[in-house]
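**Q** Below you will find the structure I want to go over with you.
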């Protein structure tokens, strides 16, 4: 119950103001199509430099939570999911809005998001300290395999091609080695003066997530993409609460599914929303009504994508393995303040850890309250033309990456990585494993070198890294995640080929 | 292979990745002190295997993932990309952030705004949006965060 001790810290004027700012800003950013939660959080990182660690994390955590919920606004009112996590919400939410039940759909979406989100954060509160203590038993070889596990799990589960996902992870790991070697001081892969100090993680994150999005908007050309917003009629919030109580089953399915999926590293909110929607449909007596504007569809999907947020931070805060790409960006936000996840976080910075986690709990409630009021405004922001959005994101990316160390080198690295990522994405590579490789690379290398030194003094490299129950377990999980993803990829291809033949 | 996937583009793309992989492997295995390249060697080995596998598949036309870039997409993105690269790699430093940013912003807006280029009203609107954006950026970065950007010619 240590978290209760730090509960008051959330309500200091500056912390609470940041929480509200992150929540309202996140709701608006989340509703904007093309601005994913990951990109929104990455662009916000430069604004946290001058803040204390806990304050910076409060802002980023609030933005993470509310961008996922805010995505429902454009999903319901514009039929454009603000984030991939809101795809399932579109299925029934937009149909409800077309039937004149837009306000009800929005209210149900924010209420179910809050319930799912609070449950998810409670899981985070109770699971994290236990797992962090467990992480104490980890030696260098285990931490090395954990870092590799983080890259392979996201590389295989988050990509449409296992090989390209793993290759993206390798590129990220290689990029993390650029610069001066920590132990020998040797220069590695410094082919441009801007790379002398290595690749700055924040500049890289901004480039990898923001620039491809900007170029994607350019690629659409001069298209009038301003979607029509459906007018929202008034609806009583009490009636929405009663409706939610009547749909406890969908609420429960969404919350539990989202929480479980959030705990699995690499499986994002998009999958949580779709799986919960599918399960709610299977267990509902009104399954025929799904897709025709049925409240259960909205409730299950939104409860799931917000329930996923808290648990996705459990592997991050305990083992340094982010559960989602946005969690990977949050890891970058932790590292720039010199804070390392795991026992260090809970033993040496409990105020930071618990204030951050508690703020996420309060943030869920604020998100629900503000969401209901901000929805109308957020929908109007979602109509901002892509031309304006592209130019704004580009400007923010340039200023944001420069502000990291007041270095043009960081801006060049940001732009080069961003342009490279756009073209790599067009060929089936994805940014998430590359980012994970970049972030986890130094952790993997430090533990590999440390392990190699211990191994030389003991049994040798092979036995040290490959023998022992925990090593074998971690290696088995790495191999299983690769095999499972390869199997799923083959199955999807076979299914697609059959559909093509049938067509 | 999906019918809309340009095979040549995939061969070029995966070929570049494979070339980078081979260069990383070459440097990792030849540079001294070898101790400093222990971890890069480990990565480079896996990198090269996966990159050559991807390149081989692309050459044989077995690539299933990745749509490449269509000619119309390339035509659409090229002007914006050129403006972006000039802005980042030359203008931001050469002219100063607060001079280069409004110029780049206004050009990008004019290039991609669907509103008519013949109406004075739409040009005024673009100018207004540009001015608002630069004012917000100045307020956020120069005043709030105290970031001292290259000033050069004007600001």
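Cβ coordinates are placed from backbone N, Cα and C, and glycine is handled just like the others.
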**Q** Which one of A:224-250, A:251-277 shows up in TrEMBL as transmembrane segment?
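**A** It is A:251-277 that TrEMBL describes as transmembrane segment.
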**Q** Thinking of Cβ pairs under 8 Å, which stretch from A:105-127, A:316-340, A:352-375, A:387-405, A:461-484 has the most of them with the transmembrane segment (A:195-215)?
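**A** Between the stretches A:105-127, A:316-340, A:352-375, A:387-405, A:461-484, A:387-405 has the largest tally.
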**Q** Cβ under 8 Å to the transmembrane segment (A:387-405), counting only same-chain residues 6 or more beyond its ends: which ones?
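**A** Distant contacts of the transmembrane segment (A:387-405): 32, 34-35, 39, 43, 45-46, 49, 200, 202-203, 206-207, 210-211, 213-214, 217-218, 222, 411, 413-415, 418.
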**Q** If I take every residue in the domain 'DUF112' (A:17-436) and average their pLDDT values, what number comes out?
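**A** Mean pLDDT across the domain 'DUF112' (A:17-436) comes out at 81.
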**Q** Out of A:16-45, A:316-340, A:352-375, A:434-455, which stretch touches the transmembrane segment (A:105-127) the most, going by CB pairs under 8 Å?
**A** A:352-375
**Q** Is the transmembrane segment (A:434-455) packed against any residues at least 6 beyond its ends, judged by a Cβ distance under 8 Å, and which are they?
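**A** Same-chain residues near the transmembrane segment (A:434-455) but 6 or more away: 139-141, 143-144, 147-148, 150-151, 154-155, 168-177, 182-183, 199, 201, 204-205, 208-209, 320-322, 325, 328-329, 331-332, 335, 421, 424, 461, 463-465.
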